[in-house]
Amino acid sequence: MPFADFVAALKDNPYFGAGFGLVGVGTALALTRKGAQFGMIAFRRHYMITLEVPSKDKSYQWLLSWISHYAKNTQHLSVETSYLQHESGRISTKFDFVPSPGNHFIWYRSKWIRIERNREKQMIDLHTGTPWESVTFTALGTNRNIFFNILQEARELALKQQVGKTVMYNAVGAEWRQFGFPRRRRPLSSVVLEQGISEKIVQDVKGFIENPKWYSDRGIPYRRGYLLYGPPGCGKSSFITALAGELEYSICLMSLSDSSLSDDRLNHLLSVAPQQSIILLEDVDAAFVSRDLNKQNPTAYQGMGRLTFSGLLNALDGVASTEARIVFMTTNHIDRLDPALIRPGRVDVKQYVGHCTNWQLSQMFLRFYPDQTAGQSEAFASAALSSSDKISAAQVQGHFMMHKTDPDGAIQNVCLATM
């Protein structure tokens, strides 16, 4: 059969014509779909702007709060439970609804913004056990200012929730994470130290914060170290907490006896500590002791973790140590500390915080019972010191708590409380 006749026969075949038509339609639809996909990709690349924020970024929680503030009409929600501490000290539970994983649309400054919250089910954070998440913002246009404005608003919204409070951070892995809920700032006047001690430290810290240029002009590393030492319960940690509130700083808590703490991790944590924060190393004598004692008891000197003594020294003032840093250390036994740890440059200010004096006892009495006279406060101080000359601030506070509304009872029973 000639080829021309074969083609003519195919044209006259209705089944072939129908099949060829379907193939043509399918091909056209496929090409149209591919063209639409490429067109959408090109449109998004040239006429849309996208911002992705992973859950490890510090602004992630800020943005979730911001989204819940703007996406009030969304019907797909997740719940976040938090605790609130009231002025009275009472703690209540608060439930916040945030958009669940998926796509959400909000109207912001005359623009529609698509928000996609993704949750990876196959990957989790080993420290918290929570899945990895990310939030992606997509908007029309190429102006980045819209995302900058969103981040600024989210930050301001988060800061409003922390006004009048002190934020505590704890070292988790290679980063600092907020520990618990922000605490009400403790007034500096609520911690009564011996006359002049509080004022001396506050003046020194503020002078350090306000004069970075003085350090740079003289080539001095811009960092400051403090050591508060003395018997337990005398107000060392309480004063640091109140000082952070006075400066409107946060506190970064770090345990040197943490078994997972190594030299590299300590260096990294000190370098990424939140700005405007005090790094607090409590009970440093529990992690390291004097090298003289090391010869007698090498196991105790090594501590519980992988952190070495030389690693700690280098982190405090070595070549790789960071600047613009305030470190407070506390100890109950300064004699157990190696002189190399507390030399100038690593510890610039050493301050003894001891047992209560007559003046301290009088001031504490007047603070708990502001309506009482100076004569009654002196009577309380004299009675307390006559029974013992080693009274801690924690003991006095516990005694006052037993006589909240009975100042006379506090004076009469002080001997029993200090025995």
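Quick reminder: no glycine exception, Cβ is built from N, Cα and C everywhere.
If you look up Swiss-Prot, you'll see 1-15 marked as topological domain 'Mitochondrial intermembrane', on the strength of sequence analysis.
Positions annotated as transmembrane segment by Swiss-Prot, on the basis of sequence analysis: 16-32.
The average per-residue pLDDT of the prediction over the topological domain 'Mitochondrial matrix' (33-419) is 83, rounded to a whole number. If you look up Swiss-Prot, you'll see 33-419 marked as topological domain 'Mitochondrial matrix'.
Taken from Swiss-Prot, the feature ATP binding site applies to Gly230, Pro231, Pro232, Gly233, Cys234, Gly235, Lys236, Ser237, supported by sequence analysis. Taking a C-beta cut-off of under 8 Å and a sequence gap of six or more, Ser237 (ATP binding site) has these contacts in its own chain: Leu280, Glu282, Thr330.
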Cβ within 8 Å of the mean position of the Cβ atoms of Gly230, Pro231, Pro232, Gly233, Cys234, Gly235, Lys236, Ser237: remaining residues of the chain near ATP: Leu228, Thr330, Asn332, Val353, Ser392, Ala393, Ala394
Number of other Cβ atoms within 10 Å of the Cβ of Lys236 (ATP binding site) across all protein chains: 26
Least Cβ-crowded entry, counting other Cβ within 10 Å, from the binding-site residues listed as Gly230, Pro232, Gly235: Pro232
